[in-house]
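Okay, so here's the structure we're looking at.
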Amino acid sequence: MPMAQMTQNPVFVAIDTTVVGDATTLAARLHDEVGGIKLGLEFFARNGHKGVKEVCRAGALPLFLDLKFHDIPNTVAGAVRAVMPLAPALLNVHACGGRAMMIAAREAAQSEALALGIAPPKMIAVTVLTSMDDDDLGGTGVAGGVLDQVRRLAALTRDAGLDGVVCSAREARVLRADLGDDFLLVTPGVRPLWSTTNDQKRVVTPQEAMAEGADVLVIGRPITGATDPAQAARLIAGEIVGWDVGI
């Protein structure tokens, strides 16, 4: 699967704080326990490039820059070029922005990475937010339910030449069958059995997510909200691979 080319640990920890000091502390503590870090829109809006660079220096881990770009193609291409100096390993857009927008994002990432002499990011698209269920989606005017929409948008993403999608692990098995082993599946909404579900409705455990075909697991509060984040990350690793992590 594509994940093996990035890191042996499939867990990217979602550092969902706007405080740079807290984020850098978490990144440093988790350096040996996770495969990467995810920074999102709220952190980026508050702290910009400087804050992202500080966290990346502290953690020395691959970066998933979760900004979910969604605008006209030229604007998205410009936004992608603007964040490329941060050298993200993963960068995402909204699939519902359409094929032309996704192509523009991919081409901008590739050309700017070449100009900067860095590896281009894996470009992925958001299908349906994991906070949404069938009723929520129907309220936006989309018929057919979450899975139908996820499959449509994932196919569109592949046709635009992107590397994969963000999806719930509950859709991963179907998407793996639809789109093959070389299509990256990044799954938020993953919670170990000992954690609460918080605000995400389509939730599975880490072990279940991997069994369903996920490549990257995005896990936030079960790790970052724990008394000992490093221990929590090790417990999750133990759930995934079924080994005794010595805790």
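Keep in mind that glycine also has a Cβ here, set from the backbone N, Cα and C atoms.
Note that the coordinates shown come from a computational prediction; the quantities given were computed from them, not determined experimentally.
All protein chains shown were included, and the count of other CB atoms within 10 Å of the CB of Lys68 (active site, proton donor) stands at 16. Residues or ranges marked as substrate binding site by Swiss-Prot on the basis of sequence analysis: Asp16, Lys38, 66-75, Thr130, Arg191, Gln200, 220-221.
For Lys68, the entry in Swiss-Prot reads active site, proton donor, with the evidence type sequence analysis.
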Quiz item: Any idea what DSSP makes of Pro73 (substrate binding site), helix, strand or coil?
Solution: helix
Quiz prompt | Secondary structure at Lys68 (active site, proton donor), reduced by DSSP to three states | solution = strand
